[in-house]
Amino acid sequence: MGNWAVNEGLSIFVILVWLGLNVFLFVHYYLLYDTSKEYIYTRKLLGSALALARAPAACLNFNCMLILLPVCRNLLSFLRGSSACCSTRIRRQLDRNLTFHKMVAWMIALHTTIHTIAHLFNVEWCVNARVNNSDPYSIALSDIGDKPNETYLNFVRQRIKNPEGGLYVAVTRLAGITGVVITLCLILIITSSTKTIRRSYFEVFWYTHHLFVIFFIGLAIHGAERIVRRQTPKSLLVHDPKACAQNISQWGKIKDCPIPEFAGNPPMTWKWIVGPMFLYLCERLVRFWRSQQKVVITKVVTHPFKTIELQMKKKGFRMEVGQYIFVKCPAVSKLEWHPFTLTSAPEEDFFSIHIRIVGDWTEGLFKACGCDKQEFQDAWKLPKIAVDGPFGTASEDVFSYEVVMLVGAGIGVTPFASILKSVWYKYCNNATNLRLKKIYFYWLCRDTHAFEWFADLLQLLETQMQERNNAGFLSYNIYLTGWDESQANHFAVHHDEEKDVITGLKQKTLYGRPNWDNEFKTIASQHPTTRIGVFLCGPEALAETLNKQCISNSDSSPRGVHFIFNKENF
C-alpha cells in the first residue's frame, strides 16, 4: 500500500474528491426535488422522473465548469512554473490534465444520458395529461393556467389530439431545441476523440472538437424558458400542498386552499460556467496574440526515417527542458495547431522541433519546407509558421531529482534530446549547482535509421563525460526492437569492434526489449535511499508497465528508494 501511495496516492485522492462532489450534488438535488414541499405538485405530475432529471443536471453544471480548465494550457503552465505554490507532487497532477479532461467528459456523457432519458419520461407525462390520457389528478393540475390570472404547472399549454403532436411541441421549445443540439454536439465530440480517430484522422478530431462553442452556448440558454416549475414561496404561505393535495376539487372554493401559483426555476447553468468560459476566452486571446508574433525558420534539416528538424527563432521566446509548443502552418491549414516537443536546449540561441511525417498535415509541412526536393530551399521560400507556447510538461522536473530514468520509444525520444543537450551545456559551462547526479537513459526503436539523428548528441555527451572523468554520469541503453535475419548476421560479425555498428557509440546496441523488472531492481540496489524520477515519452502499454514497476519496486519505508513515475501528455 505504501508503494502504491508514493505514485498514485495524491491522484486517487483528487479523483475521490471529484467523485465525492458528484455524489454529493446528485444526492442533494435528488432529495431536494423528491422531498421538498414546493415540488409536491410537480412530483404529482411527473413522478420520480423529476428528481432523476434535476439531480444529473446539477452534476452536469459542475462537470461542465471543470471540463475547460484542464485545457487552459497557459494557466496550467503558469501554475506549473509557480514553484511557490506548486510542489513536485502538485505539478505531477497538473501533468495529468488531459486524463482528467477525459474523465470529466465521460462523467458529462453519463449524466447527459440520465438527464435526457428522465426528461423524455417527463415530456410523456406532460403530454399525456393534455390529451386526457392520464389520471384525473394530473389532468386537473395541467388545467391550471388555462383561466385568466392563473399560473401554469404543465409546460404543454395547448390541448393536443394525439401524443405525437405533444412531442412536436416539446422539441420545438427552447429547452428541446438546445437539448437536441448540445446532445448531438456531445456525441460528435466524444466519438471523434477515440484514439483511432485522433491518430489517423487528426483533422476530424480537431475540427469536431470546436463544436464545444455551440455546446456551451446551448448549455447556457438551455434553462432560460424555465419549463420545470414549482409552487411559489408566496403561494406556499396561503396554500399548504400537504393539506390541500387531496381536495383538488375544492381549490379556489375554500379559504385555506386557493388556486396554487407556480413559477419556473431561474437558469443556473450560466453561473457555473461563466468563470471557466472567461478563463478559456483569455486563453484563446493569449494564443491568438502569440500566433501573430513573427517566427523565423533559420534551418530545416532532413533526417532519416522521414523525420525533419525545424530550427526557429522568435523574439522573447524562453523555454525550459522538456517543454512543448503548438505549431500552425497557414500554408498547410489556417486553423490547425499541432503539438511538438522542443528538442533544443534552453542554452541555445534557437528552438527546434523534430517532426515525423505520419499524416496529411505533417506531409503538407514536409512539402511546404521543400524537403521533397533534392536542391536546397531558399530561406524566403520557407513557409510562415505560428508558434504558441512553450508549455510545461513532466520532463521539466528532471533536474529536481538526483537520479532519473529516461525512457523514450521511437520519436518519443525528443523531450530527452532537450534534457541531454542541456546537461551537456551545463557541463561545458562548469555548472556547480546541478542536483542531477546520474542518468539512466533507455531508447527503444524499431528501425536502425531512427538512431542516426540522435547518435551525434550521445557521442558528444559520451566524450564530454570521459574528458571530465565522470563517465558514470550517463548510462544509456539503446534497444533495437525490430530486425531481420540478415541484419542479425551483420551485427554478429561486427560485435567485437570497439564502437557499435549502428550508432558509432562505445555502448553497444541491445536487441529486443528491456527486462524492466531486472532494470528496476538493479537501479534500486544502487540507490537504496533515493527518490528516482522515471520519465517516459512513449505508448500507453509501456506506460502501464513502467508505472507498475515504479509501484512494485518502491519501498514502503519513507527513507527507502522511491520510483516516481512521470509521463508526457499533450
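Any Cβ shown, glycine's included, is placed from N, Cα and C.
Listed in Swiss-Prot:
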type: TRANSMEM; residues: 10-36; note: transmembrane segment
type: TRANSMEM; residues: 47-72; note: transmembrane segment
type: TRANSMEM; residues: 96-130; note: transmembrane segment
type: BINDING; residues: H101, W206, H209, Y280, R287; note: heme b 1 binding site
type: CARBOHYD; residues: N132; note: N-linked glycosylation site
type: CARBOHYD; residues: N149; note: N-linked glycosylation site
type: CROSSLNK; residues: K161; note: ubiquitin cross-link
type: TRANSMEM; residues: 164-194; note: transmembrane segment
type: BINDING; residues: R199, S200, W337, H338, P339, T341, H354, R356, W361, T362; note: FAD binding site
type: TRANSMEM; residues: 204-222; note: transmembrane segment
type: CARBOHYD; residues: N247; note: N-linked glycosylation site
type: CROSSLNK; residues: K255; note: ubiquitin cross-link
type: TRANSMEM; residues: 268-285; note: transmembrane segment
type: DOMAIN; residues: 287-397; note: domain 'FAD-binding FR-type'
type: CROSSLNK; residues: K294; note: ubiquitin cross-link
type: CROSSLNK; residues: K299; note: ubiquitin cross-link
type: CROSSLNK; residues: K306; note: ubiquitin cross-link
type: CROSSLNK; residues: K328; note: ubiquitin cross-link
type: CROSSLNK; residues: K334; note: ubiquitin cross-link
type: CROSSLNK; residues: K381; note: ubiquitin cross-link
type: CROSSLNK; residues: K506; note: ubiquitin cross-link
type: CROSSLNK; residues: K567; note: ubiquitin cross-link
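Positions of Swiss-Prot features highlighted on the structure.
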residue	record	contacts (Cβ under 8 Å, 6+ apart)
H101	heme b 1 binding site	I67, P70, V71
H209	heme b 1 binding site	I189, S192, S193
K255	ubiquitin cross-link	none
Y280	heme b 1 binding site	L68, V71, C72
K294	ubiquitin cross-link	K314, K315
K299	ubiquitin cross-link	E309, L310, Q311, F350
K328	ubiquitin cross-link	S291, K334, L335, E336, W337, H338, I385, A386, V387, D388
K381	ubiquitin cross-link	G370
Secondary structure at R199 (FAD binding site) (DSSP, helix/strand/coil)?
helix
What are the helix, strand and coil residue counts for the domain 'FAD-binding FR-type' (287-397) according to DSSP?
21 helix, 39 strand, 51 coil
Over the domain 'FAD-binding FR-type' (287-397), what does the predicted model average in pLDDT?
84
Give the distance between the Cα atoms of N247 (N-linked glycosylation site) and P339 (FAD binding site), rounded to the nearest whole Å.
67
According to DSSP, which kind of secondary structure is K567 (ubiquitin cross-link) found in, if we only use helix, strand and coil?
strand
Measuring Cα to Cα, how many Å separate W361 (FAD binding site) from K306 (ubiquitin cross-link)?
14
Just give me the nearest neighbour of W206 (heme b 1 binding site) among the recorded positions N149, P339, H354, Cα to Cα.
P339
Folded-back contacts onto the transmembrane segment (47-72), same chain, C-beta under 8 angstroms, at least six residues removed:
18, 21-22, 25-34, 39, 97-98, 100-101, 104-105, 107-108, 110-112, 114-115, 118-119, 121-122, 125, 216, 219, 228, 268-269, 272-273, 275-277, 279-280, 283
Using DSSP with the three-state reduction, classify N149 (N-linked glycosylation site) as helix, strand or coil.
coil
